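As structure tokens, the structure follows; a few thoughts come after it.
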Amino acid sequence: MKKMKILSFFILSLAIIIGIVYSRQCDDKCKQDYPYSSCNGNLNLYRGLGYDGNGNVIFSGKYNSSQGSGGFGLPSIFSVPSSGGCQLSKRFDIQGEILDGPGYTALDYFYKYLPQLDRYYVRFNQRGSPIFSIYNQTSNEIKAVFNIFNTPFVPAFSQNESAPFFVYGGYGIYGLAKYPTDRSDAQQAKLIYQSQIVNGLEIDGDQLYMTTYQGQFLKGSLNCLNCTKDQLQLLVTDSELASATSVSGFALTSDYMYFSYSGGIKGYPKNGDASRVRKLVSENVVAMISNGDFLYYQTDSGVVKSVSTSGNHPQVNILYTPVSDNQCQCSVGFSGDDCRQCDNGMVLWASDNGIPMCSPLNSLGKPKTCYAAYQCGSSPFIICNGTCTCLPGFSGNDCTLCGNGGEVIWENGYPTCVIQIKKIIT
């Protein structure tokens, strides 16, 4: 069986310090200075939730602009108390988005937060390819882990961080006795079950629970190695699960397994007893996680809620409803009262929405982020791939060095570094 195909991709490790996002109370001046500044509209939540082990639900999002269409500024990680109260706290901004050009990179999904490691697993859209990544909030580094393009990728993490185990579904189910941190980890993963494609996956001790596109709830073992999928135990089949366009979440409690979809949240006992099926909520759910006897979920309108799984009458509690914080923020990298200061930086303009960004210059006078090659200077040896980069084979500050004894071949005004391989005759 083939393991999940890991394609080569640009962002192996990217640390881009774009700058501080300045904010103040929204006023008429803020609106007049658009697009250099904007009053925040409602917070647009990205799909996915996490739990910090300290009574807070975590999610990601970006404020919409009240003047233009779409998001404005940097995306951020937020949290709200799981007990309710709608007290939103911003944990940190996420640097490194490149919203135009060949290096396009944008956050679009929140997978998991590991509190002991203080590690955030997220997904970036990088030039049309979804990248399963780690974001380091201390170094502002995006660390790409797996390229999951054209793969039915479903991750699952062991709850005990002291005994880490990671399982993922692709064209088969694979396991790692660690939490992944590098793209090479996919090559080290062991095949647990052949060919099985899932849309939900969870670890419970040394057992695996999963859902399929055919509406099946299956149970397996982490101790299996290269097992065939017919060795999985069928627990129950659900017609709504089979007909769902997509399963947005799969979660376990002490005695039940639940899935979320456009029709709500539904669950069965872990033994598959269909007579004890439960329908907790009946609204469009786009993300769901569990903690103890509570499920936390996100609706298609961005509302974050909790529902108790104990008792005969589930209690739903609203944790957060997307609203504006009435703040004015400068466009990324800009500062000053009119949000037009771009100190030691280059102004880049996004072609789709006309929003400027101030990209700091590096020690060579090149922007740390670029949208097009001309922003990197007039040298034909330098291209823009999100950052100003030497052409393949070239190196040096001006990118004119051609390997060890290489020859520069020019064609139609473009250089190519050609390394001659000499045969040694014995």
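Heads up, the Cβ atoms here are built off N, Cα and C, so glycines get one too.
Just so it is clear, the model here is predicted, and its values are computed rather than measured.
Residues or ranges marked as disulfide bond by Swiss-Prot on the basis of similarity to another entry: Cys330-Cys339, Cys342-Cys358, Cys370-Cys388. Residues annotated as domain 'Laminin EGF-like 1' in Swiss-Prot: 325-348. Swiss-Prot lists 384-408 with the feature domain 'Laminin EGF-like 2'. Under the heading N-linked glycosylation site, Swiss-Prot lists Asn64, Asn136, Asn160, Asn226, Asn385, citing sequence analysis as support. Residues or ranges marked as signal peptide in Swiss-Prot: 1-23.
Features per Swiss-Prot, on structure.
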{"residue": "Asn64", "record": "N-linked glycosylation site", "Cβ within 10 Å": "20"}
{"residue": "Asn136", "record": "N-linked glycosylation site", "Cβ within 10 Å": "14"}
{"residue": "Asn226", "record": "N-linked glycosylation site", "Cβ within 10 Å": "11"}
{"residue": "Cys330", "record": "disulfide bond", "Cβ within 10 Å": "28"}
{"residue": "Cys339", "record": "disulfide bond", "Cβ within 10 Å": "26"}
{"residue": "Cys342", "record": "disulfide bond", "Cβ within 10 Å": "22"}
{"residue": "Cys358", "record": "disulfide bond", "Cβ within 10 Å": "25"}
{"residue": "Cys370", "record": "disulfide bond", "Cβ within 10 Å": "26"}
{"residue": "Asn385", "record": "N-linked glycosylation site", "Cβ within 10 Å": "17"}
{"residue": "Cys388", "record": "disulfide bond", "Cβ within 10 Å": "22"}
Outside the domain 'Laminin EGF-like 1' (325-348), six or more residues from its ends: residues with CB under 8 Å to it: 18-27, 29-30, 33, 35-40, 43, 63, 72-74, 88, 100, 355-361, 367, 369-371, 375
The domain 'Laminin EGF-like 1' (325-348) - residue tally per DSSP class, helix then strand then coil: 0 helix, 10 strand, 14 coil
Inter-residue Cα distance where the pair is Asn160 (N-linked glycosylation site) and Cys358 (disulfide bond), in Å: 42
Rounded Cα-Cα span from Asn385 (N-linked glycosylation site) to Cys370 (disulfide bond), Å: 7
Secondary structure composition of the domain 'Laminin EGF-like 2' (384-408) [DSSP: H/G/I, E/B, coil]: 0 helix, 10 strand, 15 coil
CB within-chain contacts under 8 A for Asn160 (N-linked glycosylation site), separation at least 6: none
Asn136 (N-linked glycosylation site) in three-state DSSP notation: strand
